[in-house]
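Undergrad: Straight from Swiss-Prot, here's the annotation block:
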type     : residues : note
CROSSLNK : 91       : SUMO2 cross-link
DOMAIN   : 10-61    : domain 'LIM zinc-binding 1'
DOMAIN   : 119-170  : domain 'LIM zinc-binding 2'
MOD_RES  : 112      : N6-acetyllysine
MOD_RES  : 131      : N6-acetyllysine
MOD_RES  : 137      : N6-succinyllysine
MOD_RES  : 137      : N6-acetyllysine
MOD_RES  : 161      : N6-acetyllysine
């Protein structure tokens with residue numbers, strides 16, 4: 001802990017980690033949102049983390065990268081090599097050259113993944129204390145609202161279309177079925193004599 005207050009520095013992004021969002025591993029501190037596998041970016045915990053040269057991995061990625069290799073050491077069909085079709089004239093995708101970062105943050109993790117995730121609505125950084133996951137994406141608590149009416153949403157009350165989130169009512173009005181027989185209940189029926 002630093003002498004003059006504040007908190008420990010995150011082992012991934014290098015920023016200050018406060019107690020409410022701290023995860024400790026191998027004598028280092030991490031933000032909960034930074035405690036991710038270096039390869040697949042899955043969230044980690046004390047039962048799924050594996051460490052190699054101060055980098056953190058899930059056990060699956062660690063095994064693939066640093067585990068024993070050779071006949072008899074496969075981990076099921078997921079480790080089989082795939083024919084890429086070169087003999088059929090299919091060209092493999094070109095690999096992009098590595099570009100050095102201009103980010104002053106020297107953390108390998110932050111350089112590789114750009115630090116904090118971005119909010120799907122406003123595009124600003126989302127930190128663990130204010131992050132909500134909805135439709136598989138990060139959102140600020142204040143941005144986690146219906147795109148049409150602005151009503152605050154919960155993960156159980158949202159519907160998603162083309163990357164935007166809506167309350168069930170607005171989704172039904174704007175994207176639901178239309179035409180005869182799709183009124184709003186018995187009040188939409190008209191009886192003519």
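Keep in mind that glycine also has a Cβ here, set from the backbone N, Cα and C atoms.
I'd like to know what surrounds each of these features in this structure.
TA: If you draw a 10 Å sphere around the CB of residue 131 (N6-acetyllysine), it holds 19 other CB atoms from the protein chains shown.
Residue 137 (N6-succinyllysine) carries a strand DSSP state (E or B). Cβ neighbour count for residue 137 (N6-succinyllysine): 16 (other Cβ atoms within 10 Å of its Cβ, all protein chains included).
Over all protein chains present, the Cβ of residue 161 (N6-acetyllysine) has 12 other Cβ atoms lying within 10 Å.
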Undergrad: Which secondary structure state does DSSP assign to residue 161 (N6-acetyllysine), in the simple three-class scheme?
TA: strand
Undergrad: Please compute the mean pLDDT of the model over the domain 'LIM zinc-binding 2' (119-170).
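TA: A mean pLDDT of 86 is what the predicted model shows over the domain 'LIM zinc-binding 2' (119-170).
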Undergrad: Using Cα coordinates, what distance in whole Å links residue 161 (N6-acetyllysine) and residue 131 (N6-acetyllysine)?
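TA: Computed Cα spacing between residue 161 (N6-acetyllysine) and residue 131 (N6-acetyllysine) is 21 Å.
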